[in-house]
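Worksheet: the structure to be examined is printed underneath.
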């Protein structure tokens, strides 16, 4: 407890002291939480405007700034005031500051938000400073800030109380500023490529476009069970059918009622786009241009660090077929295997446990995940996926078990997934029926055919290339963030016990 706190008869408990100061402030000045405050410059604008001011010089100009008090020295004579753009020093001298400003100083705690009007000067040590002539209390903080020099180290508290994390950890603040810049750059890139942005339903009566467990809800007025979408694909394809645009995209949230990990959050951001009269080869080029553009937006170059790795987003990226990659890793030539049982036996011979009813394509994909995926550090396109696991992609000519699909990998993570989209309505129906039967076999009895989507396909959809990008994972790479929770402002967490 400070001498001034003791003199004022305040409690020794930090939180109680703040509440008592709030009561005193209400008595002294009335409104402690005013609705409006006019500042003339942000801290960054002030620093830029007076960058040429020499040490030990007064500007002769008065400004008004506002922000949160982060440090206080010499009984409040010096304070560091932070706004979203940066820091400025505030000086209040007992001999020069007006009485009203001096009287307010003992009531100011770290974390309070104040407004300051005064003359700009640069100290002998070169610190840009505002000499306070007027101080306005804008928001009295009732809780102490985390300790200045150690920041907010506890990882759980950082995720649960993100506002504190950003308040005191400059690295976290920068990361979320970068996230905003990346999403803006992604949107601008797609618009420059001629794509039109749309918004499709989050609540869907039939979930589809991916294989995942949905979140279920109920619409009371419509008396209808609905699902938070797992993907926007089937609605975006309806737009291609409509002729509204030949290039469409959406950046929005998907929801999957599945596991949580350093790479998975049940609510996540996806970019999906569809490009009429293009195929997966065209989309590979689009991905390479996109990655290069985003790296330049964040780093000013295409090479950057992720952990102990040096990554390069400079295209073109290598391309490898899934069967070839698995053959290189295991020696198994899947194209020479003719049946599901041959594939399962080959996996068992390689020491890999496989489900007893796994298909040829499922075995191939599983071995890829187990033996190849983690080795793909630099960006690479893995092409020619099994048709068994790709119900919306066109077959590879001459190899009916494979489809024109690729996934883009980096750091061993899947970042993008793309197809030459299937537009044969008869084949599409057959594959979706098969997909529904497989879902029912897994116990997903609510899975049904989206007949409206199939009607749209019967109307005719142009050939197209489609792409989905996991925006969160891409941001993780570009911001050197090892966990998806580091780049989602408010990640899903288990409820904290009382």
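Yeah, the Cβs are placed from backbone N, Cα and C, and that goes for glycine too.
Features as listed in Swiss-Prot:
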| type | residues | note |
| --- | --- | --- |
| BINDING | 407, 414 | Mg(2+) 1 binding site |
| BINDING | 414 | Mg(2+) 2 binding site |
(message) Restricting to the chain of residue 414 (Mg(2+) 1 binding site) and a gap of 6 or more, list residues whose Cβ falls under 8 Å of its Cβ, or answer none.
(response) 373, 407, 408, 470, 473
(message) Quick check: in three-state DSSP terms, what is residue 414 (Mg(2+) 1 binding site)?
(response) strand
(request) Give the helix, strand or coil assignment DSSP yields for residue 407 (Mg(2+) 1 binding site). (result) strand
(message) Give me the count of other Cβ atoms within 10 A of the Cβ belonging to residue 407 (Mg(2+) 1 binding site).
(response) 19
